[in-house]
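I grabbed these lines from Swiss-Prot:
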type     : residues              : note
ACT_SITE : ASP51                 : active site
ACT_SITE : GLU123                : active site
BINDING  : GLU47, ASP120, GLU123 : Mg(2+) binding site
DOMAIN   : 1-134                 : domain 'RNase III'
DOMAIN   : 160-229               : domain 'DRBM'
Amino acid sequence: MKQLEELLSTSFDIQFNDLTLLETAFTHTSYANEHRLLNVSHNERLEFLGDAVLQLIISEYLFAKYPKKTEGDMSKLRSMIVREESLAGFSRFCSFDAYIKLGKGEEKSGGRRRDTILGDLFEAFLGALLLDKGIDAVRRFLKQVMIPQVEKGNFERVKDYKTCLQEFLQAKGDVVIDYQVISEKGPAHAKQFEVSIVVNGAVLSKGLGKSKKLAEQDAAKNALAQLSEV
């Protein structure tokens with residue numbers, strides 16, 4: 001953890017008072033499960049808190065920054081900023097992926113590169129920072145890490161995968177696209193949805209996410225990847 005402390009101090013001017021919070025934020029459930037006898041805490045509860053404060057701060061920013069945008073436009077832009085893929089990218093940008101504690105199985109299966117894990121890690125860090133330093137510290141961190149990318153318009157230029165898939169398929173003729181929830185697992189604060197895309201009665205692809213919307217986006221992303229290979 002010493003190297004992580006140095007990274008946060010030198011790169012972001014953040015010094016945690018409660019290092020237990022920081023360590024918990026960087027501990028995945030797979031690691032905690034493999035060390036149950038040591039009563040190791042994992043980051044899911046901090047992730048829940050971080051998700052909430054991230055939504056609030058980004059909503060505040062968009063409301064102030066874009067006085068002429070509609071509620072729908074702001075919601076769509078916010079969803080692109082806080083989606084799993086974006087948060088995983090910010091984790092990598094901050095080099096957080098090098099410090100997360102994973103179980104042996106998760107490590108071997110490539111968990112350190114997985115967007116789901118890295119996106120959750122970013123949210124968990126925000127939750128820990130909120131508890132340790134307060135919401136203004138979270139705002140400063142996001143202003144340093146996330147807001148510059150929003151200012152550049154990077155997220156406004158990105159179409160959501162569902163829209164891209166719909167345009168791709170409709171260009172080839174009349175199609176009926178249906179998103180169906182296959183399963184819903186996990187506790188209320190850490191749901192995992194699986195969704196399938198059914199096109200003209202046939203399953204095209206499946207996707208996973210922490211909400212139905214995220215699972216639908218993942219399924220659409222997978223469908224576009226499959227179609228590009230055809």
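Glycine too: its Cβ is placed from the backbone N, Cα and C atoms.
Small disclaimer: the values here were computed from a predicted structure and weren't measured.
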Below 8 Å Cβ to Cβ and six or more residues apart, same chain only. Which residues does that give for ASP120 (Mg(2+) binding site)?
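Listed in sequence order: ASN43, GLU44, GLU47.
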Expressed to the nearest Å, what is the distance separating GLU123 (active site) and ASP51 (active site) at their Cα atoms?
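Checking the Cα atoms of GLU123 (active site) and ASP51 (active site) gives a distance of 5 Å.
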With every protein chain in view, how many other Cβ atoms are within 10 Å of the Cβ of ASP51 (active site)?
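Cβ-Cβ neighbours of ASP51 (active site) within 10 Å number 21.
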Run through the Cβ atoms and count how many others sit within 10 Å of the one on GLU123 (active site).
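Here the count is 27.
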